[in-house]
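Asker: If you scroll down you'll find the structure; I have some questions about it.
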Amino acid sequence: MSRALFSLSGMQSVEYTIAEDTDNVRGGLLRRRFAVPPQNADTEYEDESDFPYGIKTVPYNHDFTKWKPPGGNCFTEYIEGDDPYIITKALKHRSDAAARTRREHIRNAMKHAWNGYKTHAFGKDEVFPQGGGGQNNWGGMGTTLVDALDTLWLMDMKDEFWEGRDWVRDSLNNDINRYVSVFETTIRSLGGLLSAYDLSGDKAFLDKADDLGSRLFEAFDTASGIPNGQVNLHTGDSRDASWTAGKALIAEFGTLQVEFRYLAAATGKSHYAEKSEHVFEIIKQMNAPKGLYPVYVQNTQKTPSFSGNHVTFGAMGDSVYEYMLKIWLQGGKKENMYREMWDKSIQGLHDELLLFSNPNGLTYIAEKYKGKLDHKMDHLACFMGGALALGAYTDPQGLESERAQRDLKSAKALAYTCYQMYARSKTGIAPEYVRFGNDNDYNVGHAHYYILRPETVETLFILNVLTGDPIYREWGWEIFQSIEKYCKTKIAYGHLTDVDQQELEPENRMESFFLAETMKYLYLLQDPDTDIDILNKHVFNTEAHPLRIFKGSRR
């Protein structure tokens, strides 16, 4: 049992424990046999649901090349976030049966990508999915390998997982004489190592995580307490990125806490938690109007201040809101400051930024720039459907409260919008962002590209778990089929330069988050037998690395 004593602002000290899972040791591993349904899977239920859409099982030899995206403006009864159909046990049973056949194809896709990485770029940060070989663009820390470890575990690809563990134990070197992104390295590499440790119990992951965490933590040594954006992993020198001109990004320094709090609990080194939590105390003291935070913060003085007034739930702003909720969940819903910050920001979202398109009334999240609305919505902002739903189901006022029901309705409506961003393109894949305001709800403009992003399928996964509505699996299966048809290469999967061009070859780039997030969420969406429990047991970091929540007692 690992323990750490956390000093929490405004509270008594809390001892958090992370229980070890003795069933997960390598020698005693009980492998799940995916071809065999769980007990009682053949139970017959009387189906009184009015759900009108067919839920089809998928044969093992399914031909994805014949897939034709069905187009948009369908399932319109979901457009406003309503519950149009009765969700019965029989309907869930049918959906589960179909999902078990689908998850095997997603697992095969993961095998394809992993084998390509292993063959052409094992130990490198990224594989080139078209030309072969790889690159060390994240510092040469095996980023794709580390980012993918927990996906391998959850898909029962244990041989590949232990092969990755051996590389981490024997070859991973964090002592790199170059500057790396504190944010990206924390969410991808530190988060990946901690999740692999949490799932497997193998101390090799924790040892490497502690070493990496101690190097990243040098960035917190600033006058303000807000960490710098880059750190040299060898010298410990830190700085903000040159392109930010001495400014810190709120989505970066506000998205480190889930990882460092877990590292504190696992190692007993409480300073990891104390300094990272202090950042949120600073954010709260800055007191953004209506809880909507400008993305840039001047970080060269002892007292930080906002720089500019660009507010967004997309790039550079998104995950600070996500971590308000998730830190609260991670701590067992005891640290009320984080939940209060979340609720204030979500009220601000509804008051200022949540809008409806013309002519069909798609719900979307606008940005605000220089005091004016900018009707641009990033694919990144599609995580908010899942976050709002999770916030509603854990609302201290109760799920049936007016606030929780408002948030849940917004979550479902946003999920539909984000699904339409996929369905309306010719490939069935969403662009990087859309701009609302024309006579057909939105236009794509110059953002035709897709870089294998996960946020929409993240939302579909969360909503399926929480509501049981099989429509989210149906939408997710459409998305997977489009990825399989248009993004797959002989080696792995690649970006698309234009989601409205069906004949283009994928680009020669595959981000590590495709295996860490997109593939994981697609799989979990179709896995009714997973041990992952987002309401009672696990919290996902922003890179989709699941970590167990703390079980704490006040002292």
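Here the Cβ of each residue, glycine as well, is placed from N, Cα and C on the backbone.
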Asker: According to TrEMBL, which residue among Cys382, Cys487 is joined to Cys418 by a disulfide bond?
Answerer: Cys382
Asker: Calculate the distance in Å between the alpha carbons (Cα) of Glu455 (active site) and Glu184 (active site, proton donor), and round it to a whole number.
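Answerer: Cα-Cα distance, Glu455 (active site) to Glu184 (active site, proton donor): 16 Å.
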Asker: Taking the Cα atoms as reference points, how far is Cys418 (disulfide bond) from Glu432 (active site, proton donor) in Å?
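Answerer: Glu432 (active site, proton donor) has its Cα 11 Å from the Cα of Cys418 (disulfide bond).
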Asker: Glu184 (active site, proton donor): which of the recorded positions Asp318, Cys382, Glu432, Thr542 is the nearest Cα neighbour?
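Answerer: Comparing Cα positions, the candidate nearest Glu184 (active site, proton donor) turns out to be Thr542.
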Asker: Which of the recorded positions Asp318, Cys382, Glu432 has its Cα nearest to the Cα of Thr542 (Ca(2+) binding site)?
Answerer: Asp318
Asker: Report the same-chain neighbours of Glu432 (active site, proton donor): residues 6+ apart in sequence with Cβ closer than 8 Å to its Cβ, ordered by sequence.
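Answerer: Asp378, His379, Ala447, His448, Tyr449, Tyr450, Ile451, Arg453 - these are the non-local Cβ neighbours of Glu432 (active site, proton donor), listed in sequence order.
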Asker: If I restrict to non-local contacts, at least six residues apart, and a C-beta distance under 8 angstroms, what lies near Cys382 (disulfide bond) in its own chain?
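Answerer: Spatial neighbours, sequence-distant, of Cys382 (disulfide bond): Leu414, Ala415, Cys418, Met421, Ala430, Glu455, Thr456, Glu458, Thr459.
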